[in-house]
Structure formats: C-alpha cells, structure tokens
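Below is one structure, written out as structure tokens; comments come after it.
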Amino acid sequence: MFKKRGRQTVLIAAVLAFFTASSPLLARTQGEPTQVQQKLAALEKQSGGRLGVALINTADRSQILYRGDERFAMCSTSKTMVAAAVLKQSETQHDILQQKMVIKKADLTNWNPVTEKYVDKEMTLAELSAATLQYSDNTAMNKLLEHLGGTSNVTAFARSIGDTTFRLDRKEPELNTAIPGDERDTTCPLAMAKSLHKLTLGDALAGAQRAQLVEWLKGNTTGGQSIRAGLPEGWVVGDKTGAGDYGTTNDIAVIWPEDRAPLILVTYFTQPQQDAKGRKDILAAAAKIVTEGL
C-alpha cells in the first residue's frame, strides 16, 4: 500500500489519471511492451516530453526499461560520477579527502548554497563532495573537477568501471543546456543504472568508499519531490537530482524497500521547449509505476 503524502500524492494521482490504453508506446527491442511500459508511454504522452526510465531489481537482476538506450542530458546527476572518482582516488591516497581547496569569489557560479559561505576560505574534498551531492552545489562540483584534472578524467573513470556510454564534456553550469540531439554531457538510463549499481552496491569502489558514497546520497536534500515522492513511506532512498534547459528534470536513486532487495532507478525527462518548467511530478509518477509493477 502507498501511504498518502498530501499534495504531492494528489499531484501524482492527477498525472496518472491521464493514462489511456491506446497511447502509442516505445517497445522494447524484443517482444511486446509490458503493462508497465504501456503506463510509462501513457505518462510520456500526457507530459508532452520524452521520458527515459531504467530500473534494476537486484533480487533477480531483472530490468524495467523505457527508452533505456536513448541518450539524455545528465545535468547534475553527473555529479555522482564526479564524487565517485574522488572516492576512488582515496582508496590509494588515504588522506586525500582531507585535502583542502580555496574557494574564491571568482569560482562562484549560479548555484552555490554551500560554497558561497566559504569565499576566501578552505573546504576539504570531503566537504566539497558532500556539498556537490547533497545540495547540488555547482561551485563544489567545479572545484572537484579542477582537482580531478577536468571532465575527461571523469569520463575515463566511468570507462574504468565498464561504462562506455557516460560522457562529461563541460563544467557547471554549461553542462545543463540539454539541447536536443547534443550528445555532450549525456548518458542513457540503463548505462547510468548499471554504473550506479556498481558504485553503490557493487565492487567499483572499496567498502569504505562505497559506504561513504551511499551516506552522501542518502543525505540528499533536493530529491523530496522526485523519485522519493513516488515511493511508499518507509522505503530508504539515496539519490541525486538534476535539472536544466528544455525542462530537463532528472533523478537517479538507489532504493531500499522494506523487506526486499535494493532497487536501482534512473528517471530522465526532457521537453521540446527551451524555457519549459521542470516536472518533478513526472519522475514521481514514473517511480510509482515501476515499483508498483514489480
């Protein structure tokens, strides 16, 4: 049973009310679309945008996919890979998370909820990573990129864990342009789901580093209206959101349901109009559809 969550539950219910069995669907590469995929197709049609979803059920490695192999702009969901790359360094450079970087006024970007308090002061890489993942602080992200030696090294880290799809080309806030057809700073839902699984539940990071990444994700402050809003109360979630032009609205999550194996869920959404507003409600509705369909 899904417990009510006030206005957010009403909003999700309103979105789901638009479902129609006759909605055109994007079939999986083999076989007929499932009922869950049909519901996702109806949600997408109602939204007027393009929706990408990938869910991995770790109990049996089964997947639910919708446009799982299509590219979407990652926006700030890419920050997960950046922080993971820093954590990877800490496996061999044991004190690196305590390394400090100076925050200068010139470093500040369009979103600096944490770093703006540290102008002309120092922050450790651990503090920058937490700010990046839990508050989506763009300056913190850029400082981590500076430490890592640029975006190409983040892409190289993704390749090292077997992700051949992820590509990070620009820093914040330029990476959020999300121009249709532009492959810069993009990935596919399934590729991101597999990488998130490796990083949070697999062996891409050593135990202590994996636990730290999960702790940061669980402490995220920006995801309350996205995937989390579509799940039953009592389920534990660690996630990273993202947003950009064309109403691009993203969330990637590792989920611990009550009394069952963890889930990995990636939801990407974008729209045709550059000035379109974000639609966190679409992500919440998609999360409800796929988890009810398990």
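Glycine too: its Cβ is placed from the backbone N, Cα and C atoms.
The following features are taken from Swiss-Prot:
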{"type": "ACT_SITE", "residues": "SER76", "note": "active site, acyl-ester intermediate"}
{"type": "ACT_SITE", "residues": "GLU174", "note": "active site, proton acceptor"}
{"type": "BINDING", "residues": "LYS240, THR241, GLY242", "note": "substrate binding site"}
{"type": "SIGNAL", "residues": "1-27", "note": "signal peptide"}
Other C-beta atoms that fall within 10 angstroms of the C-beta of LYS240 (substrate binding site): 29
Neighbourhood of THR241 (substrate binding site), C-beta criterion under 8 angstroms, separation at least six: SER76, THR77, SER136, ASN220, THR222, GLY223, SER226, ASN250, ASP251
Distance from GLU174 (active site, proton acceptor) back to GLY242 (substrate binding site), taken between C-alpha atoms, in Å: 13
Inter-residue Cα distance where the pair is the residue listed as 'active site, proton acceptor' and LYS240 (substrate binding site), in Å: 18
Local Cβ density at the residue listed as 'active site, proton acceptor' - other Cβ atoms counted within 10 Å: 11
Structural state of LYS240 (substrate binding site), classified by DSSP into three states: strand
8 Å Cβ shell about LYS240, THR241, GLY242 centroid, substrate site members excluded: CYS75, SER76, THR77, LYS79, THR80, SER136, ASN220, THR222, GLY223, SER226, ASP239, ALA243, ASN250, ASP251, ILE252
